[in-house]
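Chemist: Dropping a structure here in structure tokens format, bear with me for questions.
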Amino acid sequence: MTILIDHLHEPGTVEVEEKKVAEEQNELVLDAGFLVPKTNAFGHTFRDYDVGSERKDGVEEFYRINHINQSYDFVKRMREEYGKLNKMEMSIWECCELLNEVIDESDPDLDDPQIEHLLQTAEAIRKDYPNEDWLHLTGLIHDLGKVLNLPGFGELPQWAVVGDTFPVGCAFDESIVHHKYFKDNPDYENPAFNTKYGVYSEGCGLDNVLMSWGHDDYMYLVAKKNNTTLPQAGLFIIRFHSFYALHRAGAYKHLMNEEDIENLKWLKIFNKYDLYSKSKVRIDVEKVKLYYLSLIEKYFPEKLRW
Ligand SMILES: [Fe+2]
Ligand SMILES: [Fe+2]
């Protein structure tokens, strides 16, 4: 059984069900079976909170480690390192296939390849919004940042790749899942970071807000720095699709500007299809591949720096 951590947002259904399975089987298999390495991209040991011994609640343990380590300083360092885009050179489609391959190898229980999940999201959107081709492409690529888990990308641990995201540099909102674990985050007692606005100001715009590090922000940086022509709403969706405190709970509105308010409407639409992507609808990859290649060509350079 695989626990797809970044799809554990629906508190009443998906989360409880998958937690139950994890508990029954007493296992911690995060996000398509990737293993949790002990060192970060720079060869340093991450703060070790004894992940291995406490597996009775995989999801809660995941968020405990996530909340302790995702600090303002950590995010700054990750953005700086990964913003260099010096890990790899490849096309968008090659990245889809890369993600696909690895998940196939590491998780024999996942019957659908990852690329089908990406295409399920994209195709479902395409059906309902046939004219918004940028949104179809956004569906296809929004999770590509999960390559952060792979050896060529620093093999980041799960807590630095998936899960719900949240702003750093200001107070952690109570609506963030397992909020209690923030008390061991170094920023929690820091007066520069633990007020409503922290280092930010009213209506400063989410563009100026640092988010906990993971596949969302990484893919956003990759798209932006490779000069994508995707509309702002597409970039917004990529960067904030795991920001459930915002798009589910309505927190942090005081940091938004007018453009964010517009983009949030699209994010809410997108989110429905993101959750739907775990459905059992089979997609014939070869059948739709040409369409998505044409979108990639329209909105991205042939090769991207990652
Ligand atoms: Fe995601
Ligand atoms: Fe997703």
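Glycine too: its Cβ is placed from the backbone N, Cα and C atoms.
Grabbed the feature section from TrEMBL, which reads as follows:
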BINDING   Arg47, Asp104, Glu105, Ser106, Lys146, Gly163, Asp164, His241, Ser242  substrate binding site
BINDING   His117, His142, Asp143, His215, His241, Asp274  Fe cation binding site
Chemist: Can you tell me which of these binding-site residues sit near ligand 2, meaning the Cβ is under 6 Å from at least one of its atoms: His117, Asp143, Lys146, His215, Asp274?
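Modeler: Going through His117, Asp143, Lys146, His215, Asp274 in sequence order, those close to ligand 2 turn out to be Asp143, Asp274.
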Chemist: Running a distance check here. Ligand 1 versus the binding-site residues His117, Asp143, Lys146, Asp164, Asp274: which have CB less than 6 Å from one of its atoms?
Modeler: Asp143
Chemist: Would you mind sorting out which of His117, His215, His241, Asp274 (the binding-site residues) have a C-alpha within 10 A of the one on Lys146 (substrate binding site)?
Modeler: His215
